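Feature annotations, courtesy of Swiss-Prot:
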DOMAIN    3-199  domain 'Glutamine amidotransferase type-1'
ACT_SITE  Cys83  active site, nucleophile
ACT_SITE  His174  active site
ACT_SITE  Glu176  active site
DOMAIN    200-394  domain 'GMPS ATP-PPase'
BINDING   Ser227, Gly228, Gly229, Val230, Asp231, Ser232, Ser233  ATP binding site
Amino acid sequence: MSKVAIIDFGSQFTQLLARRIRDLNIYSEIFLPNVAFDLIKGVDAFILSGGPRSVPNSDGIPKIVHDILQFNEKTSIPVLGICYGLQILSNYFESDVVSNCNKEFGKTILNIIKNSKIIENIWESGDQACVWMSHADSVYNIPRGFEVIAYSVLNNSIAMVANEQRRIYGMQFHPEVYHTPDGINLLANFLDIAGCQKDWTVTSFIDDQQDAIKKQIGNKKVIAALSGGVDSSVAAALTYKAIGDQLHCVFIDNGLLRYNEVEKVKQLFINELKIPVTIVDKSAVFLNRLKSITDPERKRKIIGETFIEIFEEEANKLEGVEFLMQGTIYPDVVESGGSGSIAKESVVIKSHHNVGGLPKTMKFKLVEPLKYLFKDEVRILGRNLGISTEILMRHPFPGPGLAVRIIGEITEEKVKMLQAADDIYINLIKKYELYDVMWQAFVVLLPVKTVGVMGDRRTYGHACVLRAVNSHDGMTAESFPFCMDEETQWKFFKCIQEASNAIINSVNGINRVAYDITSKPPATIEWE
(Lines of atoms letter the chains of each structure in order from A and count residues from 1; the text may use other names and numbers.)
(Lines give C-alpha, C1' and ligand atoms only; values in the text may rest on other atoms or scores of the structure.)
Protein backbone atom coordinates (compact mmCIF):
# COMPACT_ATOMS: atom_id res chain seq x y z
CA MET A 1 0.00 0.00 0.00
CA SER A 2 1.31 3.45 -0.91
CA LYS A 3 1.96 5.73 2.04
CA VAL A 4 2.76 9.41 2.51
CA ALA A 5 4.56 10.68 5.62
CA ILE A 6 3.60 14.17 6.76
CA ILE A 7 6.08 15.83 9.11
CA ASP A 8 3.97 18.07 11.33
CA PHE A 9 5.61 21.32 12.38
CA GLY A 10 2.46 22.47 14.17
CA SER A 11 0.20 23.70 11.37
CA GLN A 12 -3.49 24.07 12.14
CA PHE A 13 -4.12 22.44 8.74
CA THR A 14 -2.01 19.29 9.11
CA GLN A 15 -5.00 17.07 9.89
CA LEU A 16 -6.86 18.53 6.92
CA LEU A 17 -3.83 17.81 4.73
CA ALA A 18 -3.88 14.16 5.80
CA ARG A 19 -7.61 14.01 5.13
CA ARG A 20 -7.26 15.50 1.64
CA ILE A 21 -4.64 12.92 0.69
CA ARG A 22 -6.91 10.14 1.88
CA ASP A 23 -9.66 11.63 -0.27
CA LEU A 24 -7.37 10.64 -3.14
CA ASN A 25 -7.37 7.02 -1.86
CA ILE A 26 -3.77 7.23 -0.70
CA TYR A 27 -2.90 6.52 2.92
CA SER A 28 -1.21 9.33 4.85
CA GLU A 29 0.16 9.43 8.36
CA ILE A 30 1.43 12.29 10.50
CA PHE A 31 4.69 12.31 12.45
CA LEU A 32 6.40 14.74 14.78
CA PRO A 33 9.76 16.23 13.72
CA ASN A 34 11.52 14.13 16.37
CA VAL A 35 10.50 10.84 14.72
CA ALA A 36 13.36 8.45 13.99
CA PHE A 37 13.96 8.47 10.23
CA ASP A 38 14.31 4.69 10.11
CA LEU A 39 10.64 4.44 11.11
CA ILE A 40 9.43 6.39 8.09
CA LYS A 41 11.94 5.87 5.29
CA GLY A 42 9.80 3.19 3.67
CA VAL A 43 7.14 5.66 2.51
CA ASP A 44 6.53 6.82 -1.07
CA ALA A 45 6.69 10.58 -0.45
CA PHE A 46 7.34 13.16 2.25
CA ILE A 47 5.42 16.36 2.98
CA LEU A 48 6.79 19.03 5.32
CA SER A 49 3.86 20.92 6.84
CA GLY A 50 3.43 24.55 7.72
CA GLY A 51 3.57 25.75 11.29
CA PRO A 52 4.25 28.63 13.68
CA ARG A 53 8.04 28.17 13.65
CA SER A 54 10.28 30.82 12.12
CA VAL A 55 13.41 29.84 10.21
CA PRO A 56 15.32 33.07 11.06
CA ASN A 57 14.52 32.64 14.77
CA SER A 58 15.19 28.91 15.04
CA ASP A 59 18.21 26.88 16.12
CA GLY A 60 18.76 25.55 12.64
CA ILE A 61 17.29 22.97 10.30
CA PRO A 62 15.62 20.05 12.12
CA LYS A 63 17.50 16.75 11.88
CA ILE A 64 14.54 15.02 10.22
CA VAL A 65 14.72 17.51 7.32
CA HIS A 66 18.43 16.74 6.88
CA ASP A 67 17.64 13.02 6.91
CA ILE A 68 14.84 13.33 4.36
CA LEU A 69 16.79 15.50 1.94
CA GLN A 70 19.92 13.35 2.17
CA PHE A 71 17.73 10.33 1.45
CA ASN A 72 16.21 12.23 -1.48
CA GLU A 73 19.70 12.94 -2.84
CA LYS A 74 20.27 9.17 -3.08
CA THR A 75 16.79 8.09 -4.18
CA SER A 76 14.94 11.14 -5.61
CA ILE A 77 11.98 10.30 -3.34
CA PRO A 78 9.53 13.20 -3.81
CA VAL A 79 9.39 15.92 -1.15
CA LEU A 80 6.82 18.72 -0.86
CA GLY A 81 7.24 21.68 1.47
CA ILE A 82 4.17 23.75 2.38
CA CYS A 83 4.47 27.25 3.91
CA TYR A 84 7.07 26.75 6.69
CA GLY A 85 7.96 23.54 4.87
CA LEU A 86 8.95 25.59 1.81
CA GLN A 87 10.97 27.96 3.99
CA ILE A 88 12.94 25.20 5.70
CA LEU A 89 13.61 23.53 2.31
CA SER A 90 14.81 26.83 0.88
CA ASN A 91 17.06 27.44 3.86
CA TYR A 92 18.60 23.97 3.42
CA PHE A 93 19.37 24.87 -0.18
CA GLU A 94 21.16 28.11 0.84
CA SER A 95 18.31 30.57 0.36
CA ASP A 96 17.64 33.39 2.82
CA VAL A 97 14.35 33.41 4.71
CA VAL A 98 13.34 36.82 6.04
CA SER A 99 11.12 37.27 9.10
CA ASN A 100 8.07 39.56 8.98
CA CYS A 101 8.65 40.34 5.32
CA ASN A 102 5.99 40.26 2.59
CA LYS A 103 3.31 38.93 4.94
CA GLU A 104 0.25 37.45 3.27
CA PHE A 105 -2.96 36.19 4.86
CA GLY A 106 -6.02 34.97 3.02
CA LYS A 107 -6.83 35.00 -0.69
CA THR A 108 -3.82 35.70 -2.92
CA ILE A 109 -3.32 35.79 -6.69
CA LEU A 110 -0.25 34.19 -8.25
CA ASN A 111 1.50 34.86 -11.53
CA ILE A 112 2.55 31.53 -13.07
CA ILE A 113 5.86 32.10 -14.87
CA LYS A 114 7.09 28.59 -15.67
CA ASN A 115 5.57 25.20 -16.44
CA SER A 116 6.24 22.27 -14.12
CA LYS A 117 5.03 18.72 -13.52
CA ILE A 118 3.48 19.89 -10.25
CA ILE A 119 1.06 22.21 -12.12
CA GLU A 120 0.55 20.06 -15.22
CA ASN A 121 -3.04 20.18 -16.55
CA ILE A 122 -3.90 22.76 -13.87
CA TRP A 123 -2.03 25.95 -14.69
CA GLU A 124 0.55 26.96 -17.27
CA SER A 125 3.00 29.77 -17.76
CA GLY A 126 1.17 33.08 -18.20
CA ASP A 127 -1.83 32.10 -16.05
CA GLN A 128 -2.98 33.73 -12.86
CA ALA A 129 -4.13 31.48 -10.02
CA CYS A 130 -6.07 31.97 -6.78
CA VAL A 131 -4.58 30.43 -3.62
CA TRP A 132 -4.78 30.88 0.16
CA MET A 133 -1.78 32.19 2.11
CA SER A 134 -1.02 32.40 5.84
CA HIS A 135 2.61 33.43 6.46
CA ALA A 136 4.74 36.15 8.01
CA ASP A 137 8.19 34.95 6.86
CA SER A 138 9.19 34.79 3.20
CA VAL A 139 11.80 33.14 0.97
CA TYR A 140 14.03 36.00 -0.15
CA ASN A 141 16.03 34.43 -3.01
CA ILE A 142 15.87 31.33 -5.20
CA PRO A 143 17.09 28.11 -3.51
CA ARG A 144 20.14 26.45 -5.09
CA GLY A 145 19.11 24.05 -7.87
CA PHE A 146 15.49 25.29 -8.00
CA GLU A 147 13.40 27.30 -10.42
CA VAL A 148 10.59 29.65 -9.51
CA ILE A 149 7.21 28.46 -10.80
CA ALA A 150 5.10 31.33 -9.43
CA TYR A 151 5.33 34.71 -7.74
CA SER A 152 2.71 36.47 -5.64
CA VAL A 153 1.01 39.35 -7.47
CA LEU A 154 0.71 41.30 -4.20
CA ASN A 155 4.42 41.75 -3.48
CA ASN A 156 6.27 39.70 -6.11
CA SER A 157 7.50 37.27 -3.44
CA ILE A 158 8.37 33.65 -4.25
CA ALA A 159 5.23 31.52 -4.03
CA MET A 160 6.22 28.22 -5.65
CA VAL A 161 9.51 26.52 -6.55
CA ALA A 162 10.58 23.22 -8.09
CA ASN A 163 13.66 21.07 -8.50
CA GLU A 164 12.37 18.68 -11.16
CA GLN A 165 15.50 16.51 -11.21
CA ARG A 166 15.32 15.73 -7.49
CA ARG A 167 11.50 15.90 -7.43
CA ILE A 168 11.40 18.49 -4.64
CA TYR A 169 8.63 21.10 -4.65
CA GLY A 170 7.72 24.00 -2.40
CA MET A 171 4.55 26.08 -2.03
CA GLN A 172 4.25 29.18 0.13
CA PHE A 173 0.46 28.82 0.02
CA HIS A 174 -1.72 26.05 1.45
CA PRO A 175 -2.98 23.60 -1.21
CA GLU A 176 -4.81 21.55 1.44
CA VAL A 177 -7.41 24.20 2.35
CA TYR A 178 -10.64 24.49 0.44
CA HIS A 179 -9.94 28.19 -0.22
CA THR A 180 -7.23 27.10 -2.71
CA PRO A 181 -9.61 25.88 -5.45
CA ASP A 182 -7.01 23.82 -7.34
CA GLY A 183 -5.23 22.63 -4.22
CA ILE A 184 -6.49 19.05 -4.35
CA ASN A 185 -5.30 18.79 -7.97
CA LEU A 186 -1.84 20.06 -7.01
CA LEU A 187 -1.64 17.40 -4.28
CA ALA A 188 -2.81 14.79 -6.80
CA ASN A 189 -0.04 15.83 -9.21
CA PHE A 190 2.56 15.54 -6.46
CA LEU A 191 1.33 12.06 -5.55
CA ASP A 192 1.36 11.06 -9.24
CA ILE A 193 4.98 12.24 -9.44
CA ALA A 194 5.65 9.96 -6.46
CA GLY A 195 4.02 7.04 -8.25
CA CYS A 196 1.54 6.51 -5.41
CA GLN A 197 -1.10 3.87 -6.04
CA LYS A 198 -4.68 4.74 -5.11
CA ASP A 199 -5.05 1.63 -3.01
CA TRP A 200 -6.25 2.93 0.37
CA THR A 201 -9.95 2.26 0.93
CA VAL A 202 -12.17 1.62 3.91
CA THR A 203 -12.39 -2.03 2.87
CA SER A 204 -8.62 -2.39 2.98
CA PHE A 205 -8.61 -0.57 6.34
CA ILE A 206 -11.09 -3.10 7.78
CA ASP A 207 -8.91 -6.03 6.76
CA ASP A 208 -5.69 -4.40 7.96
CA GLN A 209 -7.21 -3.25 11.25
CA GLN A 210 -8.73 -6.65 12.01
CA ASP A 211 -5.29 -8.21 11.57
CA ALA A 212 -3.77 -5.51 13.79
CA ILE A 213 -6.37 -6.07 16.52
CA LYS A 214 -5.84 -9.84 16.47
CA LYS A 215 -2.07 -9.38 16.66
CA GLN A 216 -2.32 -6.88 19.52
CA ILE A 217 -4.85 -8.86 21.59
CA GLY A 218 -3.74 -12.45 21.07
CA ASN A 219 -5.82 -14.68 23.35
CA LYS A 220 -6.46 -11.96 25.95
CA LYS A 221 -9.77 -10.26 26.66
CA VAL A 222 -10.87 -6.71 25.88
CA ILE A 223 -13.34 -4.59 27.79
CA ALA A 224 -15.04 -1.98 25.63
CA ALA A 225 -16.05 1.49 26.70
CA LEU A 226 -19.39 2.04 24.96
CA SER A 227 -21.19 5.36 24.76
CA GLY A 228 -23.94 4.59 22.27
CA GLY A 229 -22.45 7.09 19.84
CA VAL A 230 -21.16 6.48 16.34
CA ASP A 231 -17.48 6.15 17.25
CA SER A 232 -17.75 3.56 20.01
CA SER A 233 -20.43 1.64 18.09
CA VAL A 234 -18.25 1.30 14.99
CA ALA A 235 -15.16 0.54 17.08
CA ALA A 236 -17.06 -2.20 18.93
CA ALA A 237 -18.44 -3.69 15.70
CA LEU A 238 -14.95 -3.77 14.13
CA THR A 239 -13.33 -5.24 17.23
CA TYR A 240 -16.11 -7.83 17.66
CA LYS A 241 -15.67 -8.82 14.01
CA ALA A 242 -11.96 -9.37 14.71
CA ILE A 243 -12.02 -11.21 18.06
CA GLY A 244 -15.65 -12.15 18.76
CA ASP A 245 -16.40 -13.18 22.36
CA GLN A 246 -13.01 -11.97 23.58
CA LEU A 247 -14.68 -8.54 23.54
CA HIS A 248 -16.77 -7.68 26.61
CA CYS A 249 -18.85 -4.52 26.15
CA VAL A 250 -19.79 -2.40 29.14
CA PHE A 251 -22.08 0.61 29.04
CA ILE A 252 -21.83 2.95 32.02
CA ASP A 253 -24.89 5.03 32.85
CA ASN A 254 -23.12 8.07 34.27
CA GLY A 255 -26.30 10.09 34.79
CA LEU A 256 -25.15 12.55 32.12
CA LEU A 257 -26.67 10.91 29.06
CA ARG A 258 -29.23 12.03 26.52
CA TYR A 259 -32.89 11.41 27.31
CA ASN A 260 -33.78 7.67 27.26
CA GLU A 261 -30.25 6.78 26.13
CA VAL A 262 -29.98 3.48 28.03
CA GLU A 263 -32.94 1.98 26.16
CA LYS A 264 -31.52 3.14 22.84
CA VAL A 265 -28.19 1.46 23.63
CA LYS A 266 -29.95 -1.82 24.42
CA GLN A 267 -31.79 -1.62 21.10
CA LEU A 268 -28.60 -0.85 19.17
CA PHE A 269 -26.16 -3.38 20.57
CA ILE A 270 -28.33 -6.27 21.71
CA ASN A 271 -31.06 -6.22 19.05
CA GLU A 272 -29.32 -4.79 15.97
CA LEU A 273 -25.59 -5.52 16.26
CA LYS A 274 -26.10 -8.75 18.25
CA ILE A 275 -23.27 -7.77 20.59
CA PRO A 276 -23.76 -8.64 24.30
CA VAL A 277 -23.63 -5.61 26.61
CA THR A 278 -23.42 -5.24 30.39
CA ILE A 279 -25.20 -2.07 31.55
CA VAL A 280 -24.00 -0.60 34.84
CA ASP A 281 -25.87 2.27 36.55
CA LYS A 282 -23.32 4.49 38.30
CA SER A 283 -25.12 7.81 37.89
CA ALA A 284 -25.09 8.54 41.63
CA VAL A 285 -21.30 8.04 41.80
CA PHE A 286 -20.58 10.45 38.93
CA LEU A 287 -22.97 13.16 40.12
CA ASN A 288 -21.59 12.97 43.66
CA ARG A 289 -17.98 13.35 42.48
CA LEU A 290 -18.90 16.27 40.23
CA LYS A 291 -20.66 18.14 43.03
CA SER A 292 -19.46 21.77 43.25
CA ILE A 293 -17.04 21.30 40.31
CA THR A 294 -17.23 24.15 37.78
CA ASP A 295 -13.92 24.02 35.89
CA PRO A 296 -14.42 22.12 32.59
CA GLU A 297 -10.97 20.51 32.66
CA ARG A 298 -11.57 19.18 36.18
CA LYS A 299 -14.95 17.82 35.05
CA ARG A 300 -13.29 15.94 32.21
CA LYS A 301 -10.50 14.57 34.41
CA ILE A 302 -12.94 13.41 37.11
CA ILE A 303 -15.17 11.74 34.55
CA GLY A 304 -12.20 10.05 32.85
CA GLU A 305 -10.81 8.77 36.15
CA THR A 306 -14.22 7.55 37.32
CA PHE A 307 -14.83 5.75 34.03
CA ILE A 308 -11.54 3.89 34.32
CA GLU A 309 -12.13 3.01 37.97
CA ILE A 310 -15.52 1.50 37.12
CA PHE A 311 -14.15 -0.36 34.12
CA GLU A 312 -11.43 -1.82 36.31
CA GLU A 313 -14.11 -3.02 38.73
CA GLU A 314 -15.98 -4.67 35.85
CA ALA A 315 -12.78 -6.12 34.41
CA ASN A 316 -11.87 -7.67 37.75
CA LYS A 317 -15.02 -9.76 37.44
CA LEU A 318 -13.51 -11.35 34.34
CA GLU A 319 -10.30 -13.28 33.85
CA GLY A 320 -7.59 -12.27 31.40
CA VAL A 321 -8.78 -8.71 30.65
CA GLU A 322 -5.74 -6.63 29.75
CA PHE A 323 -7.12 -4.19 27.18
CA LEU A 324 -9.57 -1.29 27.09
CA MET A 325 -11.20 -0.49 23.74
CA GLN A 326 -12.20 3.10 23.04
CA GLY A 327 -13.76 4.91 20.10
CA THR A 328 -11.06 7.58 19.94
CA ILE A 329 -10.81 9.24 16.52
CA TYR A 330 -8.32 11.67 14.95
CA PRO A 331 -9.89 14.98 16.07
CA ASP A 332 -10.05 13.70 19.69
CA VAL A 333 -6.30 13.12 19.67
CA VAL A 334 -5.60 16.45 17.96
CA GLU A 335 -7.61 18.56 20.42
CA SER A 336 -6.04 16.76 23.38
CA GLY A 337 -2.48 17.50 22.25
CA GLY A 338 -2.07 13.96 20.98
CA SER A 339 0.35 11.15 21.58
CA GLY A 340 2.71 9.08 19.50
CA SER A 341 3.07 9.64 15.78
CA ILE A 342 0.13 12.01 15.53
CA ALA A 343 0.94 14.29 18.43
CA LYS A 344 0.70 18.00 17.74
CA GLU A 345 3.26 20.68 18.46
CA SER A 346 0.38 23.04 19.22
CA VAL A 347 -1.25 23.75 22.58
CA VAL A 348 -3.91 21.55 24.14
CA ILE A 349 -7.37 22.88 23.30
CA LYS A 350 -9.25 20.61 25.70
CA SER A 351 -8.72 17.21 27.27
CA HIS A 352 -10.69 14.50 25.55
CA HIS A 353 -11.99 11.95 28.07
CA ASN A 354 -10.63 9.18 25.83
CA VAL A 355 -7.19 10.79 25.63
CA GLY A 356 -6.16 13.65 27.90
CA GLY A 357 -8.60 12.65 30.66
CA LEU A 358 -7.14 9.21 31.32
CA PRO A 359 -5.32 8.72 34.64
CA LYS A 360 -1.60 7.92 34.49
CA THR A 361 -2.15 4.89 36.75
CA MET A 362 -4.54 3.21 34.29
CA LYS A 363 -4.00 -0.56 34.37
CA PHE A 364 -5.23 -1.29 30.84
CA LYS A 365 -3.45 -1.25 27.54
CA LEU A 366 -5.48 0.72 25.01
CA VAL A 367 -7.11 -0.60 21.85
CA GLU A 368 -8.15 2.34 19.65
CA PRO A 369 -9.02 0.93 16.22
CA LEU A 370 -10.34 4.26 14.88
CA LYS A 371 -7.66 6.66 16.15
CA TYR A 372 -6.37 7.36 12.62
CA LEU A 373 -9.82 8.05 11.13
CA PHE A 374 -11.92 11.17 10.77
CA LYS A 375 -15.64 11.12 11.60
CA ASP A 376 -16.83 10.82 8.00
CA GLU A 377 -14.40 7.94 7.46
CA VAL A 378 -15.81 6.25 10.59
CA ARG A 379 -19.29 6.45 9.09
CA ILE A 380 -18.10 4.92 5.81
CA LEU A 381 -16.44 2.16 7.81
CA GLY A 382 -19.67 1.57 9.73
CA ARG A 383 -21.67 1.19 6.53
CA ASN A 384 -19.17 -1.40 5.32
CA LEU A 385 -19.66 -3.26 8.61
CA GLY A 386 -23.43 -3.35 8.07
CA ILE A 387 -24.43 -0.78 10.69
CA SER A 388 -27.70 1.01 9.88
CA THR A 389 -27.73 4.58 8.56
CA GLU A 390 -29.91 5.70 11.46
CA ILE A 391 -27.17 4.72 13.90
CA LEU A 392 -24.31 6.07 11.81
CA MET A 393 -25.95 9.45 11.27
CA ARG A 394 -26.48 10.06 14.99
CA HIS A 395 -24.98 13.38 15.89
CA PRO A 396 -21.70 13.31 17.84
CA PHE A 397 -22.08 13.25 21.62
CA PRO A 398 -19.16 14.16 23.90
CA GLY A 399 -17.65 11.44 26.07
CA PRO A 400 -18.20 13.46 29.28
CA GLY A 401 -21.85 13.77 28.22
CA LEU A 402 -24.00 16.60 29.48
CA ALA A 403 -21.29 17.56 31.98
CA VAL A 404 -19.72 19.75 29.29
CA ARG A 405 -23.09 21.14 28.20
CA ILE A 406 -24.03 22.27 31.70
CA ILE A 407 -21.84 25.29 32.22
CA GLY A 408 -20.85 25.60 35.86
CA GLU A 409 -21.95 23.30 38.67
CA ILE A 410 -23.77 20.08 37.78
CA THR A 411 -26.87 18.96 39.68
CA GLU A 412 -29.42 16.23 39.02
CA GLU A 413 -32.07 18.92 38.52
CA LYS A 414 -29.98 20.64 35.83
CA VAL A 415 -29.34 17.32 34.08
CA LYS A 416 -33.07 16.58 33.87
CA MET A 417 -33.73 20.12 32.67
CA LEU A 418 -31.14 19.83 29.90
CA GLN A 419 -32.23 16.33 28.88
CA ALA A 420 -35.79 17.56 28.38
CA ALA A 421 -34.76 20.68 26.45
CA ASP A 422 -32.34 18.76 24.23
CA ASP A 423 -34.93 16.06 23.46
CA ILE A 424 -37.45 18.71 22.37
CA TYR A 425 -34.89 20.44 20.14
CA ILE A 426 -33.64 17.26 18.45
CA ASN A 427 -37.15 15.91 17.84
CA LEU A 428 -38.17 19.18 16.19
CA ILE A 429 -35.06 19.14 14.00
CA LYS A 430 -36.11 15.66 12.87
CA LYS A 431 -39.69 16.83 12.33
CA TYR A 432 -38.44 19.58 10.00
CA GLU A 433 -36.23 16.99 8.20
CA LEU A 434 -33.03 18.84 9.06
CA TYR A 435 -31.27 16.28 11.25
CA ASP A 436 -29.44 14.50 8.43
CA VAL A 437 -28.27 17.70 6.71
CA MET A 438 -26.39 19.07 9.73
CA TRP A 439 -23.35 17.74 11.54
CA GLN A 440 -24.46 18.26 15.13
CA ALA A 441 -27.14 19.97 17.20
CA PHE A 442 -27.59 20.26 20.95
CA VAL A 443 -28.63 22.48 23.85
CA VAL A 444 -26.33 24.11 26.41
CA LEU A 445 -27.59 25.11 29.86
CA LEU A 446 -26.07 28.35 31.15
CA PRO A 447 -25.21 29.13 34.79
CA VAL A 448 -27.12 32.41 34.65
CA LYS A 449 -30.75 33.16 35.37
CA THR A 450 -32.85 35.77 33.60
CA VAL A 451 -36.08 37.60 34.35
CA GLY A 452 -39.19 36.65 32.38
CA VAL A 453 -42.96 36.99 32.44
CA MET A 454 -45.30 33.99 32.30
CA GLY A 455 -49.01 34.15 33.11
CA ASP A 456 -48.72 37.77 34.26
CA ARG A 457 -46.13 36.72 36.82
CA ARG A 458 -42.43 37.42 37.07
CA THR A 459 -40.18 34.42 36.48
CA TYR A 460 -36.51 33.99 37.23
CA GLY A 461 -35.19 30.97 35.36
CA HIS A 462 -32.22 29.54 33.52
CA ALA A 463 -31.17 30.57 30.02
CA CYS A 464 -30.24 27.87 27.53
CA VAL A 465 -28.52 28.06 24.16
CA LEU A 466 -29.37 26.10 21.02
CA ARG A 467 -26.44 25.15 18.79
CA ALA A 468 -26.28 23.55 15.34
CA VAL A 469 -23.28 23.30 13.03
CA ASN A 470 -22.18 21.87 9.71
CA SER A 471 -18.80 20.21 9.32
CA HIS A 472 -16.99 17.77 7.07
CA ASP A 473 -14.67 16.13 9.57
CA GLY A 474 -15.09 17.90 12.92
CA MET A 475 -11.87 19.89 12.53
CA THR A 476 -13.68 23.04 11.41
CA ALA A 477 -17.38 23.92 11.53
CA GLU A 478 -19.81 26.54 10.24
CA SER A 479 -22.86 27.71 12.11
CA PHE A 480 -26.06 26.22 10.72
CA PRO A 481 -28.01 27.28 8.62
CA PHE A 482 -25.98 30.19 7.21
CA CYS A 483 -24.05 27.82 4.96
CA MET A 484 -27.29 26.42 3.49
CA ASP A 485 -29.75 27.48 0.78
CA GLU A 486 -32.48 30.02 1.54
CA GLU A 487 -35.28 27.45 1.83
CA THR A 488 -33.32 25.44 4.41
CA GLN A 489 -32.50 28.62 6.32
CA TRP A 490 -36.14 29.62 6.66
CA LYS A 491 -37.12 26.08 7.63
CA PHE A 492 -34.51 26.09 10.39
CA PHE A 493 -35.50 29.51 11.69
CA LYS A 494 -39.08 28.24 12.04
CA CYS A 495 -37.71 25.16 13.79
CA ILE A 496 -35.73 27.05 16.43
CA GLN A 497 -38.64 29.43 17.01
CA GLU A 498 -40.90 26.45 17.68
CA ALA A 499 -38.18 24.86 19.83
CA SER A 500 -37.88 28.02 21.92
CA ASN A 501 -41.62 28.11 22.59
CA ALA A 502 -41.78 24.38 23.36
CA ILE A 503 -38.81 24.45 25.74
CA ILE A 504 -40.07 27.45 27.70
CA ASN A 505 -43.59 26.01 27.95
CA SER A 506 -42.54 22.44 28.77
CA VAL A 507 -39.31 22.57 30.77
CA ASN A 508 -39.63 23.89 34.30
CA GLY A 509 -36.74 26.17 35.17
CA ILE A 510 -35.93 27.57 31.71
CA ASN A 511 -37.39 30.91 30.66
CA ARG A 512 -35.04 32.11 27.91
CA VAL A 513 -33.59 30.50 24.76
CA ALA A 514 -30.70 31.88 22.68
CA TYR A 515 -28.91 30.62 19.54
CA ASP A 516 -25.13 30.29 19.09
CA ILE A 517 -23.85 31.38 15.65
CA THR A 518 -20.09 31.01 16.33
CA SER A 519 -17.99 28.97 13.88
CA LYS A 520 -15.03 26.68 14.66
CA PRO A 521 -12.52 28.27 14.85
CA PRO A 522 -12.52 30.55 16.81
CA ALA A 523 -14.85 28.50 19.04
CA THR A 524 -14.92 24.75 19.51
CA ILE A 525 -18.17 22.96 18.66
CA GLU A 526 -18.88 22.09 22.30
CA TRP A 527 -18.94 24.88 24.86
CA GLU A 528 -16.59 23.11 27.30
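In case you wondered, yes, glycine gets a Cβ from its N, Cα and C as well.
This view paints the features noted in Swiss-Prot onto the structure.
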residue	record	Cβ within 10 Å
Cys83	active site, nucleophile	24
His174	active site	24
Glu176	active site	27
Ser227	ATP binding site	25
Gly228	ATP binding site	21
Gly229	ATP binding site	20
Val230	ATP binding site	23
Asp231	ATP binding site	23
Ser232	ATP binding site	25
Ser233	ATP binding site	26
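The average per-residue pLDDT of the prediction over the domain 'GMPS ATP-PPase' (200-394) is 83, rounded to a whole number. Cα of Glu176 (active site) to Cα of Ser232 (ATP binding site): a span of 29 Å. In the three-state DSSP classification, His174 (active site) falls within coil.
Excluding the listed site residues Ser227, Gly228, Gly229, Val230, Asp231, Ser232, Ser233, the same chain places Leu226, Val234, Ala235, Gly327, Arg394, Phe397 with Cβ atoms within 8 Å of the centre of the ATP site Cβ atoms. Residue pair Gly229 (ATP binding site) / Cys83 (active site, nucleophile) shows a Cα separation of 37 Å. Across the fold, the C-alpha of His174 (active site) and the C-alpha of the residue listed as 'active site, nucleophile' stand 7 Å from each other.
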